[in-house]
Ligand SMILES: Nc1ncnc2c1ncn2[C@@H]1O[C@H](COP(=O)(O)OP(=O)(O)OP(=O)(O)O)[C@@H](O)[C@H]1O
(Lines of atoms letter the chains of each structure in order from A; the text may use other names.)
(Lines give C-alpha, C1' and ligand atoms only; values in the text may rest on other atoms or scores of the structure.)
Protein backbone atom coordinates (compact mmCIF):
# COMPACT_ATOMS: atom_id res chain seq x y z
CA UNK A 1 0.00 0.00 0.00
CA UNK A 2 1.35 3.42 -0.89
CA UNK A 3 1.72 5.88 2.03
CA UNK A 4 -0.78 8.78 1.97
CA UNK A 5 0.48 11.99 0.37
CA UNK A 6 1.23 14.66 2.96
CA UNK A 7 1.15 18.45 2.57
CA UNK A 8 4.16 20.78 2.69
CA UNK A 9 6.34 20.51 5.81
CA UNK A 10 5.47 23.02 8.54
CA UNK A 11 8.07 25.10 10.41
CA UNK A 12 8.61 24.22 14.09
CA UNK A 13 6.58 26.61 16.25
CA UNK A 14 7.90 28.22 19.45
CA UNK A 15 5.47 26.09 21.47
CA UNK A 16 6.72 22.88 19.85
CA UNK A 17 10.33 23.89 20.43
CA UNK A 18 9.53 24.43 24.11
CA UNK A 19 8.44 20.77 24.31
CA UNK A 20 11.41 19.56 22.26
CA UNK A 21 13.95 21.22 24.58
CA UNK A 22 12.01 20.85 27.87
CA UNK A 23 14.15 17.94 29.14
CA UNK A 24 17.26 20.15 29.28
CA UNK A 25 15.78 23.32 30.78
CA UNK A 26 17.45 22.75 34.15
CA UNK A 27 20.95 22.18 32.69
CA UNK A 28 23.51 24.91 33.43
CA UNK A 29 25.21 24.87 30.02
CA UNK A 30 24.24 23.19 26.74
CA UNK A 31 26.75 22.61 23.96
CA UNK A 32 25.08 22.75 20.53
CA UNK A 33 26.95 20.79 17.83
CA UNK A 34 26.53 22.96 14.74
CA UNK A 35 28.10 21.92 11.43
CA UNK A 36 26.50 24.66 9.32
CA UNK A 37 24.15 22.20 7.61
CA UNK A 38 20.38 22.76 7.71
CA UNK A 39 19.61 20.49 10.69
CA UNK A 40 22.12 21.96 13.09
CA UNK A 41 21.56 25.58 11.93
CA UNK A 42 17.90 24.99 12.81
CA UNK A 43 19.03 23.51 16.15
CA UNK A 44 20.92 26.71 16.96
CA UNK A 45 18.14 29.01 15.79
CA UNK A 46 15.37 27.13 17.62
CA UNK A 47 17.43 26.70 20.81
CA UNK A 48 18.29 30.42 20.85
CA UNK A 49 14.62 31.39 20.42
CA UNK A 50 13.59 28.91 23.14
CA UNK A 51 16.35 30.19 25.47
CA UNK A 52 15.16 33.79 25.09
CA UNK A 53 11.65 32.72 26.09
CA UNK A 54 12.55 30.84 29.30
CA UNK A 55 13.76 32.37 32.53
CA UNK A 56 16.80 30.85 34.21
CA UNK A 57 17.48 28.44 31.30
CA UNK A 58 20.92 27.10 30.35
CA UNK A 59 23.76 29.03 28.71
CA UNK A 60 24.17 27.98 25.08
CA UNK A 61 27.58 27.35 23.50
CA UNK A 62 27.53 26.49 19.80
CA UNK A 63 30.57 24.50 18.64
CA UNK A 64 31.66 23.89 15.06
CA UNK A 65 34.33 21.30 14.37
CA UNK A 66 36.35 22.21 11.31
CA UNK A 67 37.60 18.84 10.08
CA UNK A 68 39.83 20.58 7.54
CA UNK A 69 38.86 17.95 4.95
CA UNK A 70 37.20 20.17 2.33
CA UNK A 71 38.07 23.46 0.79
CA UNK A 72 35.72 26.04 2.25
CA UNK A 73 35.25 24.29 5.63
CA UNK A 74 36.77 27.26 7.49
CA UNK A 75 34.45 29.64 5.60
CA UNK A 76 31.45 27.48 6.54
CA UNK A 77 32.50 27.59 10.20
CA UNK A 78 32.65 31.41 10.00
CA UNK A 79 29.16 31.38 8.47
CA UNK A 80 27.91 29.56 11.59
CA UNK A 81 29.66 32.16 13.75
CA UNK A 82 27.82 34.98 11.98
CA UNK A 83 24.43 33.45 12.77
CA UNK A 84 25.49 32.60 16.35
CA UNK A 85 26.62 36.18 16.94
CA UNK A 86 23.37 37.60 15.56
CA UNK A 87 21.45 35.28 17.93
CA UNK A 88 23.62 36.19 20.94
CA UNK A 89 24.96 32.61 21.23
CA UNK A 90 28.61 32.04 22.16
CA UNK A 91 30.38 30.19 19.35
CA UNK A 92 33.63 28.22 19.22
CA UNK A 93 35.39 26.83 16.16
CA UNK A 94 37.61 23.84 16.92
CA UNK A 95 39.92 22.47 14.24
CA UNK A 96 40.73 18.77 13.86
CA UNK A 97 44.48 18.97 13.51
CA UNK A 98 45.45 15.30 13.92
CA UNK A 99 46.74 13.00 11.17
CA UNK A 100 43.98 11.91 8.76
CA UNK A 101 43.81 8.18 7.91
CA UNK A 102 43.77 6.97 4.28
CA UNK A 103 40.85 4.63 4.85
CA UNK A 104 37.91 4.81 7.25
CA UNK A 105 37.94 8.59 7.06
CA UNK A 106 34.23 9.16 7.95
CA UNK A 107 34.58 7.05 11.12
CA UNK A 108 37.84 8.76 12.11
CA UNK A 109 36.31 12.22 11.51
CA UNK A 110 33.31 11.25 13.59
CA UNK A 111 35.47 10.01 16.50
CA UNK A 112 37.57 13.17 16.35
CA UNK A 113 34.40 15.28 16.25
CA UNK A 114 32.94 13.72 19.39
CA UNK A 115 36.29 13.93 21.17
CA UNK A 116 36.64 17.63 20.37
CA UNK A 117 33.00 18.35 21.25
CA UNK A 118 33.55 16.62 24.61
CA UNK A 119 36.73 18.59 25.24
CA UNK A 120 34.94 21.88 24.54
CA UNK A 121 31.97 20.85 26.70
CA UNK A 122 34.36 20.09 29.56
CA UNK A 123 36.07 23.47 29.18
CA UNK A 124 32.69 25.21 29.49
CA UNK A 125 31.35 23.07 32.35
CA UNK A 126 28.65 21.49 30.15
CA UNK A 127 27.35 17.96 30.71
CA UNK A 128 25.12 17.93 27.63
CA UNK A 129 26.00 17.98 23.94
CA UNK A 130 22.99 18.46 21.68
CA UNK A 131 23.13 17.22 18.09
CA UNK A 132 20.57 17.80 15.36
CA UNK A 133 19.94 14.17 14.33
CA UNK A 134 16.53 13.97 12.69
CA UNK A 135 14.09 11.15 12.08
CA UNK A 136 15.60 10.84 8.57
CA UNK A 137 19.05 10.20 10.15
CA UNK A 138 17.43 7.63 12.44
CA UNK A 139 15.80 5.87 9.47
CA UNK A 140 19.15 5.75 7.62
CA UNK A 141 20.83 4.33 10.72
CA UNK A 142 18.20 1.56 10.89
CA UNK A 143 18.77 0.75 7.20
CA UNK A 144 22.57 0.70 7.66
CA UNK A 145 22.23 -1.67 10.59
CA UNK A 146 19.69 -3.87 8.78
CA UNK A 147 22.12 -4.21 5.92
CA UNK A 148 24.82 -5.35 8.37
CA UNK A 149 22.54 -7.91 10.03
CA UNK A 150 22.47 -6.17 13.43
CA UNK A 151 20.47 -7.56 16.35
CA UNK A 152 17.74 -5.95 18.43
CA UNK A 153 20.05 -3.53 20.24
CA UNK A 154 21.66 -2.30 17.00
CA UNK A 155 18.33 -1.90 15.23
CA UNK A 156 17.09 0.24 18.12
CA UNK A 157 19.45 2.80 16.51
CA UNK A 158 19.98 6.12 18.31
CA UNK A 159 18.37 6.99 21.64
CA UNK A 160 17.14 10.46 22.62
CA UNK A 161 19.96 10.51 25.18
CA UNK A 162 23.13 8.40 25.37
CA UNK A 163 26.21 8.60 27.56
CA UNK A 164 29.50 9.03 25.73
CA UNK A 165 32.87 9.80 27.34
CA UNK A 166 31.12 11.03 30.51
CA UNK A 167 28.79 13.40 28.60
CA UNK A 168 25.14 13.13 27.71
CA UNK A 169 24.60 13.20 23.96
CA UNK A 170 21.11 14.58 23.49
CA UNK A 171 19.06 14.46 20.28
CA UNK A 172 15.99 16.69 20.56
CA UNK A 173 14.97 16.24 16.89
CA UNK A 174 15.03 12.45 16.70
CA UNK A 175 11.32 12.39 15.86
CA UNK A 176 11.38 15.52 13.69
CA UNK A 177 11.58 15.20 9.88
CA UNK A 178 14.42 17.09 8.26
CA UNK A 179 11.90 18.78 5.94
CA UNK A 180 10.41 20.59 8.94
CA UNK A 181 13.81 21.95 9.97
CA UNK A 182 14.38 23.20 6.43
CA UNK A 183 10.91 24.83 6.47
CA UNK A 184 11.85 26.49 9.77
CA UNK A 185 15.03 27.98 8.29
CA UNK A 186 13.22 29.06 5.14
CA UNK A 187 10.63 30.94 7.17
CA UNK A 188 13.37 32.57 9.28
CA UNK A 189 15.34 33.40 6.07
CA UNK A 190 18.49 31.64 7.27
CA UNK A 191 21.06 30.26 4.82
CA UNK A 192 22.86 26.99 5.36
CA UNK A 193 25.48 24.92 3.58
CA UNK A 194 24.98 21.44 2.13
CA UNK A 195 27.99 19.17 2.70
CA UNK A 196 28.73 17.61 -0.74
CA UNK A 197 29.99 14.40 0.94
CA UNK A 198 26.35 13.81 1.98
CA UNK A 199 25.73 13.02 -1.70
CA UNK A 200 29.00 11.19 -2.36
CA UNK A 201 27.98 7.69 -3.46
CA UNK A 202 31.39 6.32 -2.51
CA UNK A 203 30.03 6.22 1.04
CA UNK A 204 27.40 3.77 2.35
CA UNK A 205 25.12 6.28 4.04
CA UNK A 206 24.56 8.46 0.95
CA UNK A 207 23.93 5.30 -1.12
CA UNK A 208 21.25 4.17 1.34
CA UNK A 209 19.84 7.71 1.45
CA UNK A 210 19.46 7.60 -2.32
CA UNK A 211 17.32 4.44 -1.95
CA UNK A 212 14.92 6.07 0.50
CA UNK A 213 12.40 7.52 -2.00
CA UNK A 214 11.95 4.10 -3.69
CA UNK A 215 11.58 2.36 -0.31
CA UNK A 216 9.10 5.01 0.85
CA UNK A 217 6.94 4.22 -2.22
CA UNK A 218 6.52 0.76 -0.66
CA UNK A 219 5.74 2.15 2.79
CA UNK A 220 9.27 1.66 4.14
CA UNK A 221 9.58 5.37 4.92
CA UNK A 222 11.36 7.30 7.67
CA UNK A 223 8.25 7.22 9.85
CA UNK A 224 7.97 3.42 9.76
CA UNK A 225 11.70 2.83 10.12
CA UNK A 226 11.90 5.09 13.19
CA UNK A 227 8.80 3.40 14.60
CA UNK A 228 10.59 0.07 14.22
CA UNK A 229 13.63 1.52 16.04
CA UNK A 230 11.59 2.75 18.98
CA UNK A 231 9.66 -0.52 19.28
CA UNK A 232 12.92 -2.47 19.28
CA UNK A 233 14.40 -0.05 21.83
CA UNK A 234 11.42 -0.83 24.05
CA UNK A 235 11.93 -4.58 23.60
CA UNK A 236 15.65 -4.17 24.23
CA UNK A 237 15.02 -2.40 27.55
CA UNK A 238 12.70 -5.20 28.63
CA UNK A 239 15.23 -7.86 27.64
CA UNK A 240 18.03 -6.11 29.52
CA UNK A 241 15.86 -6.16 32.65
CA UNK A 242 15.42 -9.91 32.20
CA UNK A 243 19.19 -10.25 31.85
CA UNK A 244 19.63 -8.29 35.12
CA UNK A 245 17.32 -10.82 36.78
CA UNK A 246 19.09 -13.79 35.19
CA UNK A 247 22.45 -12.43 36.33
CA UNK A 248 21.25 -12.18 39.91
CA UNK A 249 19.70 -15.67 39.74
CA UNK A 250 22.95 -17.17 38.41
CA UNK A 251 25.02 -15.40 41.07
CA UNK A 252 22.82 -16.97 43.78
CA UNK A 253 23.28 -20.42 42.23
CA UNK A 254 27.06 -20.04 42.00
CA UNK A 255 29.27 -20.98 44.95
CA UNK A 256 32.26 -19.42 43.17
CA UNK A 257 30.54 -16.08 42.58
CA UNK A 258 33.78 -14.08 43.23
CA UNK A 259 35.08 -15.33 39.88
CA UNK A 260 33.22 -14.16 36.79
CA UNK A 261 31.18 -16.90 35.17
CA UNK A 262 28.11 -19.06 35.58
CA UNK A 263 27.20 -22.55 36.77
CA UNK A 264 26.87 -24.61 33.58
CA UNK A 265 23.65 -26.31 34.67
CA UNK A 266 21.88 -23.11 35.73
CA UNK A 267 23.01 -21.29 32.54
CA UNK A 268 21.74 -24.13 30.32
CA UNK A 269 18.06 -23.65 31.23
CA UNK A 270 17.94 -19.98 30.17
CA UNK A 271 16.61 -18.87 26.78
CA UNK A 272 19.08 -18.34 23.91
CA UNK A 273 18.66 -14.55 23.80
CA UNK A 274 19.36 -14.22 27.52
CA UNK A 275 22.39 -16.51 27.25
CA UNK A 276 23.85 -14.45 24.39
CA UNK A 277 23.35 -11.24 26.34
CA UNK A 278 24.85 -12.69 29.53
CA UNK A 279 27.94 -13.77 27.59
CA UNK A 280 28.16 -10.35 25.91
CA UNK A 281 28.01 -8.60 29.28
CA UNK A 282 30.63 -10.72 31.01
CA UNK A 283 33.00 -10.65 28.01
CA UNK A 284 32.66 -6.86 27.79
CA UNK A 285 33.44 -6.56 31.48
CA UNK A 286 36.44 -8.88 31.51
CA UNK A 287 37.93 -8.52 28.03
CA UNK A 288 39.79 -5.35 27.19
CA UNK A 289 39.44 -5.28 23.41
CA UNK A 290 36.15 -3.41 23.07
CA UNK A 291 32.69 -4.78 22.56
CA UNK A 292 32.47 -8.36 21.34
CA UNK A 293 30.67 -8.79 18.00
CA UNK A 294 27.19 -10.27 18.34
CA UNK A 295 27.84 -12.89 15.63
CA UNK A 296 30.98 -14.08 17.43
CA UNK A 297 29.15 -14.37 20.75
CA UNK A 298 26.41 -16.37 19.02
CA UNK A 299 29.07 -18.70 17.58
CA UNK A 300 30.66 -19.05 21.03
CA UNK A 301 27.31 -19.99 22.55
CA UNK A 302 26.81 -22.67 19.89
CA UNK A 303 30.26 -24.09 20.63
CA UNK A 304 29.62 -24.04 24.40
CA UNK A 305 26.30 -25.83 23.98
CA UNK A 306 27.69 -28.45 21.68
CA UNK A 307 30.67 -29.11 24.02
CA UNK A 308 28.37 -29.23 27.08
CA UNK A 309 26.17 -31.84 25.36
CA UNK A 310 29.12 -34.19 25.13
CA UNK A 311 30.20 -33.67 28.71
CA UNK A 312 30.73 -36.22 31.43
CA UNK A 313 31.23 -35.17 35.05
CA UNK A 314 34.02 -33.39 36.85
CA UNK A 315 36.24 -30.43 36.21
CA UNK A 316 37.73 -31.56 32.90
CA UNK A 317 37.97 -28.65 30.44
CA UNK A 318 35.46 -29.18 27.64
CA UNK A 319 36.13 -26.00 25.69
CA UNK A 320 38.44 -23.01 25.87
CA UNK A 321 37.97 -19.96 23.62
CA UNK A 322 39.17 -16.37 23.60
CA UNK A 323 36.94 -13.55 22.46
CA UNK A 324 37.48 -9.78 22.63
CA UNK A 325 40.25 -10.14 25.20
CA UNK A 326 38.38 -12.62 27.42
CA UNK A 327 39.19 -16.30 27.92
CA UNK A 328 36.08 -18.47 28.29
CA UNK A 329 36.53 -21.93 29.80
CA UNK A 330 33.79 -24.55 30.00
CA UNK A 331 33.71 -27.49 32.39
CA UNK A 332 30.60 -29.48 33.18
CA UNK A 333 30.38 -27.45 36.40
CA UNK A 334 31.18 -23.92 35.32
CA UNK A 335 31.59 -21.45 32.47
CA UNK A 336 34.43 -19.23 33.70
CA UNK A 337 35.51 -15.96 32.11
CA UNK A 338 38.88 -14.34 32.81
CA UNK A 339 41.19 -11.91 31.02
CA UNK A 340 42.87 -13.62 28.05
CA UNK A 341 46.65 -14.00 28.34
CA UNK A 342 48.58 -11.50 26.19
CA UNK A 343 48.89 -12.62 22.55
CA UNK A 344 52.24 -14.01 21.47
CA UNK A 345 54.04 -11.74 18.99
CA UNK A 346 54.45 -13.27 15.57
CA UNK A 347 57.74 -11.92 14.18
N1 LIG B 1 31.51 19.58 11.82
C2 LIG B 1 30.61 19.52 12.81
N3 LIG B 1 30.68 20.37 13.85
C4 LIG B 1 29.79 20.31 14.85
N5 LIG B 1 28.77 19.42 14.89
C6 LIG B 1 28.64 18.56 13.88
C7 LIG B 1 29.56 18.56 12.78
N8 LIG B 1 29.17 17.59 11.92
C9 LIG B 1 28.09 17.01 12.45
N10 LIG B 1 27.74 17.59 13.62
C11 LIG B 1 26.61 17.25 14.52
O12 LIG B 1 26.31 15.88 14.36
C13 LIG B 1 24.98 15.73 13.84
C14 LIG B 1 24.95 14.55 12.89
O15 LIG B 1 25.76 14.83 11.78
P16 LIG B 1 26.05 13.75 10.70
O17 LIG B 1 24.76 13.04 10.39
O18 LIG B 1 26.82 14.36 9.62
O19 LIG B 1 26.96 12.83 11.59
P20 LIG B 1 27.44 11.34 11.28
O21 LIG B 1 28.80 11.41 10.69
O22 LIG B 1 26.38 10.63 10.54
O23 LIG B 1 27.65 10.74 12.73
P24 LIG B 1 26.57 10.53 13.80
O25 LIG B 1 25.24 10.46 13.07
O26 LIG B 1 26.83 9.28 14.52
O27 LIG B 1 26.73 11.72 14.71
C28 LIG B 1 24.67 17.06 13.20
O29 LIG B 1 23.26 17.28 13.17
C30 LIG B 1 25.38 18.04 14.11
O31 LIG B 1 24.61 18.30 15.25
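Start at 1 and count along the chain as shown; that gives each residue its number.
Positions of Cβ are set from backbone N, Cα and C atoms, glycine also.
TrEMBL: automatically predicted annotations, no manual curation.
Database features, via TrEMBL:
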DOMAIN    30-210  domain 'tRNA(Ile)-lysidine/2-thiocytidine synthase N-terminal'
BINDING   35, 36, 37, 38, 39, 40  ATP binding site
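Annotated features, which come from TrEMBL, shown on the structure.
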residue	record	CB count, 10 Å
35	ATP binding site	24
36	ATP binding site	23
37	ATP binding site	19
38	ATP binding site	22
39	ATP binding site	21
40	ATP binding site	23
When the Cβ positions of the binding-site residues 36, 38, 40 are compared with the atoms of ligand 1, which fall under 6 Å? 40
Other than 35, 36, 37, 38, 39, 40 themselves, what residues in this chain have Cβ atoms within 8 Å of the centroid of the ATP site's Cβ atoms? 34, 41, 42, 43, 132, 192, 193, 195
Per DSSP, to which secondary structure element type does residue 35 (ATP binding site) belong, with helix, strand and coil as the options? coil
